[in-house]
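Listed in Swiss-Prot:
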type	residues	note
BINDING	18-27, 109, 136-137, 205, 242, 349	substrate binding site
ACT_SITE	172	active site
ACT_SITE	240	active site
ACT_SITE	355	active site, nucleophile
């Protein structure tokens, strides 16, 4: 039996609101606000608990060390971690902000995952995203690659290095990829969504060439579909496809303006996948879709064969979005349950439930090859929660990013997390 494991990003101890992400309306709207790293991480852990309580398998990916002194040394800064960070704080504050970002929490951007039934060699392929469009995100790529190799080291997995960093190869991972299939173990249709051609108001975060490369590396290109995100969606603030569309098994939930070539895409999907269920929200504006992050919900398969939507509180608080959710629940489709989660700390930086997780479909044999340190049950989740409550800072103001005390606190928190990861799991 094949199941899907959600690997959520643990929100790191330097979570802050530096407003680093062009095209991300929430990020810019909240730039300069005081963040709460401890509350942010606890909110994420509560979401993980919600999935466990639904009977699903849950994993997590740890944040890389931040501030990233190890990366800054590659730029010529020398000395101890504290000395390196002090130099950067004095010479290039924007670079320090980028090196302090906790944006690795959004593991939907960690990699593109291609399921074993679809790939040329029958392995699960993870193509690490280069995240080359944004400086702060690009600093994650090598760390993410190392983490993925640590988690998925078995022969059932193929973890690919990030694509070369180039203007026309920007790759932002699973946030721009959807897989549709009769079930997680069946052969599926991989849909790669890329941005509009360069020259618009916001940057092309996902390049067509990058999507083609990911498909080629996993051997799914001959059967893959490539669709362009609509310019209207991007202008409205949908900087990734997962802000306007989400798919699970044979269900596609999408805004009618999500794709530039919607009729052709839906026709091709219907032809390839008998039993496809398309749910479109015809009474929800793009503005409400982005404000509520309805489509950035997690759509998950439940043990009883039905599906649940994991939505942010913003979707409940937006009247138009909540009406659409009730309509979905009342209609004839597999979605029978909705769970509301509070992710305000992440949402204020533009990341909802779907941003915070990387979906990895695995058969039983492959699951046994996953490093157990990164899988959670309720007891391990309790331990991780206590760790965050002990070591994560309560608050970070913009000026705190230059404070050596914060750098030291973050290093201590990361050391405690590494101790958790290397301790026996049974």
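Note that Cβ sites are derived from N, Cα and C of the backbone, with glycine treated the same way.
Overlay of Swiss-Prot feature records on the structure.
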residue	record	DSSP class
18	substrate binding site	coil
109	substrate binding site	helix
137	substrate binding site	helix
172	active site	coil
240	active site	coil
355	active site, nucleophile	coil
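The two recorded residues, residue 109 (substrate binding site) and residue 172 (active site), have Cα atoms 5 Å apart. Cβ-based neighbour count (10 Å, all protein chains) for residue 242 (substrate binding site) stands at 29. In terms of Cα distance, the recorded positions that sit within 10 Å of residue 240 (active site) are 172, chosen from 18, 20, 137, 172. Annotation for the recorded positions 137, 240: lowest Cβ count within 10 Å of the residue's own Cβ, 137.
Here the C-alpha separation of residue 20 (substrate binding site) and residue 355 (active site, nucleophile) works out to 17 Å. Cβ packing within 10 Å was compared across the binding-site residues 18, 20, and the lowest neighbour count falls to 20. Highest local Cβ density among the recorded positions 109, 355 belongs to 109, counted as other Cβ atoms within 10 Å over all protein chains shown. All protein chains included, residue 172 (active site) registers 30 other Cβ atoms within 10 Å of its own Cβ.
Here the residue listed as 'active site, nucleophile' is positioned 11 angstrom away from residue 172 (active site), judged by their C-alpha atoms.
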